[in-house]
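To start, the structure itself, in structure tokens.
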Amino acid sequence: MSSIADRKTTGITFNIQKYSVHDGPGIRTVVFLKGCPLKCRWCSNPESQRKSVELAYNTGRCLTLAKCVRCVEICTAGAISRAEDDTISIDRALCNDCEQLCSGACPSNALITYGAHKTVDEVLRAVEQDSLFYARSGGGMTISGGEPFAQPAFTLALLREARRRRVHTAVETCGYASWDDMAAALPFLNYVLYDIKNLDDARHKEATGVSNQRIVENLRALRAEFPGIPVLVRTPVIPGFNDNEADIAAIAALTRELGVSYQLLPYHRLGTQKYHFLDREAPMGEVTLDAETMRRLEAVVAQTADS
């Protein structure tokens, strides 16, 4: 496809995060895309799960309808009404992927729009603002989500155009995608961050909603067909799911077999508030991960690597 066509390709992003140092080499800009085929109970970005633009509501910022009624008046779908405490109630069945006039009209930013339609050119203009940092640190752009391959055409166009502009590229993927979509994008990638959550298929399906077979198959295919691309496999350590020696040792053994790097990520609760903003329950509740468990599991990874 031509550069002109790629630059005009449109996708739905929900954040462009500057100066990230944890999502690939160097200083990076992370482009977060909407949509994910998994429904992980521990997901810290609930706003990433659905492909559509979504409206969130932070009641703590609301001026209440006693002082401001802009959102009620401007909503063309009739989705916003008065709640008993003079805040607002959002009918999610009526709220649709509109122009989000209500969040634009909200003077206190209590209404938040998660998601924006952007072209490849718009995204890369934001990414290229930090080109000096990339040059000095070996950084670049990382496409994350959600799941980048849930928007395969946009992801491919974004990677192709980034390559034309000599921007170092990386992708964060759960691996649950069409291999054809992944294989089309991989020639334009410099680095891959790949999630493996559990090798027990039944437990993986129970916790994420999908089988892990395609995920493991795609990782093996990636290593076989694109051996020159550095891969970092990452596992979020989740209390009650994979915070044990057997699960982590099994994944560590797979990464050793495939010759890829491996990293554990500690569970955190930073996304809990966003569930409430979207009128959803946070599935993990008040669960926490203790530091001693992480130290023990990191020792397991080190031992497996040395064996």
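Any Cβ shown, glycine's included, is placed from N, Cα and C.
Note that the structure is a prediction, hence the values are computed from the model and not measured.
Taken from Swiss-Prot, the feature domain 'Radical SAM core' covers 22-307, and the record attributes it to sequence analysis. Across the domain 'Radical SAM core' (22-307), the prediction's mean pLDDT works out to 96.
According to Swiss-Prot, the feature [4Fe-4S] cluster 1 binding site maps to CYS36, CYS40, CYS43. According to DSSP, CYS43 ([4Fe-4S] cluster 1 binding site) sits in a coil region rather than a helix or strand.
All protein chains included, LYS197 (S-adenosyl-L-methionine binding site) registers 25 other Cβ atoms within 10 Å of its own Cβ. What Swiss-Prot lists as S-adenosyl-L-methionine binding site is TRP42, CYS43, SER44, GLY146, ASP195, ILE196, LYS197, HIS268.
Using DSSP to sort the residues of the domain '4Fe-4S ferredoxin-type 1' (53-85) gives these counts of helix, strand and coil: 8 helix, 7 strand, 18 coil. Sequence annotations record features per position, and here Swiss-Prot assigns domain '4Fe-4S ferredoxin-type 1' to 53-85.
Long-range Cβ neighbours of CYS62 ([4Fe-4S] cluster 2 binding site) (same chain, at least 6 residues apart, Cβ-Cβ under 8 Å): THR87, ILE88, SER108, ALA110. For CYS62, CYS68, CYS71, CYS106, the entry in Swiss-Prot reads [4Fe-4S] cluster 2 binding site, with the evidence type sequence analysis.
Mapped onto three states, the DSSP output places CYS98 ([4Fe-4S] cluster 3 binding site) in coil. Long-range Cβ contacts of CYS98 ([4Fe-4S] cluster 3 binding site) within its own chain (separation 6+, distance under 8 Å): THR76, ALA77. Annotated [4Fe-4S] cluster 3 binding site per Swiss-Prot: CYS75, CYS95, CYS98, CYS102, in sequence order.
Annotation source Swiss-Prot lists domain '4Fe-4S ferredoxin-type 2' at 86-117.
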Sort the binding-site residues CYS40, CYS71, CYS75 by C-alpha distance from HIS268 (S-adenosyl-L-methionine binding site) and give me just the closest.
CYS40
Restricting the comparison to the binding-site residues CYS71, CYS95, CYS102, GLY146, ASP195, which residue's C-alpha is spatially nearest the C-alpha of CYS43 ([4Fe-4S] cluster 1 binding site)?
GLY146
Where GLY146 (S-adenosyl-L-methionine binding site) and CYS36 ([4Fe-4S] cluster 1 binding site) are concerned, what is their Cα separation in Å, rounded?
5
Would you count the other C-beta atoms found within 10 angstroms of the C-beta of CYS68 ([4Fe-4S] cluster 2 binding site) for me?
17
Among the binding-site residues CYS40, CYS102, point out the residue whose Cβ has the most other Cβ atoms within 10 Å, with all shown protein chains included in the count.
CYS102
I need the CA-to-CA distance for CYS36 ([4Fe-4S] cluster 1 binding site) versus CYS95 ([4Fe-4S] cluster 3 binding site), whole Å please.
21
Where CYS106 ([4Fe-4S] cluster 2 binding site) and ILE196 (S-adenosyl-L-methionine binding site) are concerned, what is their Cα separation in Å, rounded?
40
